[in-house]
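Working notes, beginning with the structure itself.
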Amino acid sequence: MEVFYYLVFGFLAAVVAGLELSKNNKDRINTSQPFNSFKNNYLLVYSLMMAGDWLQGPYVYFLYSQYGFSKGEIGQLFIAGFGSSMLFGTIVGSLADKQGRRRACVTYCITYILSCITKHSPQYKVLMLGRVLGGIATSLLFSAFESWLVAEHFKRGFDQQWLSLTFSKAIFLGNGLVAIVAGLFGNFLVDSLNLGPVAPFDAAACFLAIGMAVILSSWTENYGDPSENKDLLTQFKGAAVAIASDEKIALLGAIQSLFEGSMYTFVFLWTPALSPNEEDIPHGFIFATFMLASMLGSSIASRLMAHSSPKVESYMQIVFVVSAASLLLPIVTTFLVPAANVKGGSISFSGCIQLLGFCTFEACVGIFWPSIMKMRSQYIPEEARSTIMNFFRIPLNIFVCIVLYNVNAFPITVMFGMCSIFLFVASILQRRLLVIADKPKSEDWNAMKERDAEAEPLNVA
């Protein structure tokens, strides 16, 4: 069965290479030299930031287990990270809009570096602090950088369509190539150089420090709503009003939460799904294969977004249906493929089928990221971009915390079935978004601010 892994990896690599090399002028977006310099600078920073994130991922659980913590204690540490992201995410998002996105990106680097430093301590309280810092950093990673990019892109007068090029390249590099290289580099540090499980965290801190230096030396500041008299509560209220008054923003938030919730649940489930009888599977190689599938998805997305048709709102319906079907495979194979009763050994025939389905799901993830970024750039008001984006992450983090807390309470097929249902619901909501996509907003952001300002004296009286 070992040959099977190489065949899947080789096939995906060949398809990705073929797609990238076969691009013609119709599949490319004609841009300018100033934009290319701007794009390459952002891609460098984003790749360094993602390298700092990906280096840590495979070794967090392993490090905690090496320190002697039980599965339950490790679960609590993970819940603390997602809970921190949920509680503090909206606050740091609002501060990013008010105090500056560049400053928020620098804060991400400092916070994540501090989180990496805590990994040197075997003390549970110190590690818990590190998870809290990591949760705050994650909120900034998935809001501040994108908010800075979108604002700076339009501030410099670049064409809106060019934004999709930056998004697709960022996912292709940061969530694909960099993830693969980071996984191999982390494996080299831990296994080949025998530097121990803390080494990837030290390497991550170095990459984050380099990225912070690039940000400080080459990025300019931009803001959402920098008005002096606006406190955090007012910003939260404004963001909530924007979501409630514009169905497109509300739909986008629901779609994002449903898909990302399923995606993060999949992260916890794929290992037991592929090795239900403790089969010996190459986790690192499978992870690299998943990232290659994600690169395939982002390559497909870049081709789709280079054309005016089909619209993002249209093809994402199909993506959600395909992703839902791919996560049904563990349930289907349970009924159709005889279960192996032998402990250990190599991956089973059922596992091989599921692996192909999981690669399909990861390809959908690769399409999802640049596509959702493009839709967010179209529908979310600039003044509260980071705040609203972190509002979207609240239901996501609640869901992931519930799943983590009850991960042993339900059979794995039930969990996959739940994720599949969520993805089918996302496709229905995406259909609704397509229908109303061209409708004007019911009330723009400036009108809401003026209305609130007029109403405020009455509230005081």
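All positions are counted from 1 along the displayed chain.
Each Cβ is built from the backbone N, Cα and C atoms, and glycine gets one as well.
What TrEMBL records for 6-22, 43-62, 74-96, 128-150, 170-189, 201-219, 285-306, 318-340, 346-369, 390-406, 412-429 is transmembrane segment.
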Beyond the flanks of the transmembrane segment (74-96) by at least 6 residues, Cβ under 8 Å
60-61, 64-65, 103-104, 107, 127-128, 131-136, 138-140, 143-144, 147, 224, 232, 235-236, 239, 384, 386-391, 393-394, 397-398, 400-401, 404-405, 407
Might you confirm whether the transmembrane segment (170-189) is in contact with the transmembrane segment (412-429), defined here as three or more C-beta pairs under 8 A between residues 6 or more apart in sequence?
no
Looking at 43-62, 128-150, 201-219, 285-306, 318-340, which one has the highest count of Cβ pairs under 8 angstroms to the transmembrane segment (390-406)?
128-150
What stretch in 43-62, 128-150, 170-189, 201-219, 318-340 has the biggest tally of Cβ pairs under 8 Å against the transmembrane segment (285-306)?
170-189
Below 8 angstroms Cβ to Cβ, which residues of this chain, lying six or more residues outside the transmembrane segment (128-150), approach it?
42, 45-46, 49, 53, 77-78, 80-86, 88-89, 92-93, 96-97, 101-102, 104-105, 107-108, 111-112, 114-119, 163, 166, 219, 222, 224, 373, 376-377, 382, 385-386, 389-390, 393
Are there residues at least 6 beyond the ends of the transmembrane segment (43-62) whose Cβ is under 8 Å from a Cβ of it, and what are they?
74, 78, 105, 108-109, 112, 116, 141, 145, 166, 169-170, 173-175, 178-179, 181-183, 185-186, 190, 197, 200-201, 203-205, 207-208, 210-211, 214-215, 219, 283-284, 287
Surrounding residues of the transmembrane segment (170-189) on its own chain - C-beta under 8 Å, 6+ positions past either end
42-43, 46-47, 49-51, 54-55, 58-59, 195, 199-200, 203, 284, 287-288, 291-292, 294-295, 298-299, 301-302, 366, 369-370
